[in-house]
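The domain 'Lactate/malate dehydrogenase N-terminal' annotation in TrEMBL covers 16-130. Taken from TrEMBL, the feature NAD(+) binding site covers D20, N83, V107, A108, N109. Under the heading substrate binding site, TrEMBL lists R70, R76, N109, R140. The domain 'Lactate/malate dehydrogenase C-terminal' annotation in TrEMBL covers 134-302. Per TrEMBL, the feature active site, proton acceptor maps to H165.
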Amino acid sequence: MIARGVMLGPDQPVIIHMLDIEPAAEALNGVKMELIDAAFPLLKDVVATTDVVEACQGVNIAVMVGGFPRKEGMKRKDVMSKNVSIYKAQASALEQHAAPDCKVLVVANPANTNALILKEFAPSIPEKNITCLTRLDHNRALGQISEKLNVHVSDVWNVIIWGNHSSTQYPDINHATVKTTNGEKSVRDAIANDNWLNTEFITTVQQRGATIIKARKLSSALSAASAACDHIRDWVLGTPKGTWVSMGVYSDGSYGIQPGIMYSFPVTCEKGQWSIVNGLKIDELSREKMDATAKELMDEKTLAYSCLIDD
């Protein structure tokens, strides 16, 4: 998708740096061969490496998809401590070798907390340049609404994912709009089924990742890659007027969410900068769910910091 111009537009040539661990070096080289064989007009060069310094050298955009997945029987703290050490190392490599304006998107789970660790250990990278992926959840929410209403997915906009990229995230449709044959309507009015919207819709989006693993025996691949391209494209090229997207960003205290955590907010993007959409009305149910996911993020932060002390 990147080489085809999906991420940065049809006129932007790209050089792709791919980093993997030593045992995967041969497979990584196979990916490089395929990229060359596809003869993409926009692809100027491909670097496939296991050296983090070479991988980070001069990059303008870093998409961090590598992490340590939780395996059966593993405690959360074990997974967290593996990822903390990975993101600590990545942070210093990016800080020393990436372009000064480098935009970072963390995809690997726990995405919000991995991004937070990266931010802590790369103090010279502006905090606004470090984000994590909740666009996949945002797109999942759009997909569920469009299926339910039997409309095209591009006719639904302004859903919001609040909080953590985990099963506590809060998919919120209270401000979302749908284009129907009778003009624009609020999603809540169009669906006219509060029970579904407040229960099944929310849990379906929250648990979609697990549902896909159950079906495919592998985690989301195509949809995650597509969401990562959407996230970077909107961040770099801007969001369409009147619409917002969801991005995991460093909280500034907006909507009463404590600063110091990476939290998903509705944002608009312009000229390569994101801004949180402020002034949306928050009802009681939303408040409860927004606070619950913030609490989970505070707990994860505490756990991550305890891993650092153990380090």
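Backbone N, Cα and C atoms are what each Cβ position is placed from, and that goes for glycine too.
Annotations in TrEMBL come from automatic prediction, not curation.
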Among R70, R76, R140, H165, the most crowded of the recorded positions [Cβ within 10 Å]: H165
Cβ neighbour count within 10 Å of D20 (NAD(+) binding site): 18
Averaged pLDDT score, the domain 'Lactate/malate dehydrogenase C-terminal' (134-302): 97
Sequence-distant neighbours of V107 (NAD(+) binding site) in its chain (C-beta under 8 A, six or more apart): V63, M64, V65, C132, L133, A224, A228
Residues in the domain 'Lactate/malate dehydrogenase N-terminal' (16-130) grouped by DSSP into helix, strand and remaining coil: 56 helix, 20 strand, 39 coil
Chain-internal residues, separated by at least six, CB under 8 A from N109 (NAD(+) binding site): G67, P69, R70, N83, H165, S166
Distance from R140 (substrate binding site) back to A108 (NAD(+) binding site), taken between C-alpha atoms, in Å: 18
Residue among binding-site residues N83, A108 with least C-beta crowding, 10 angstrom cut-off: A108
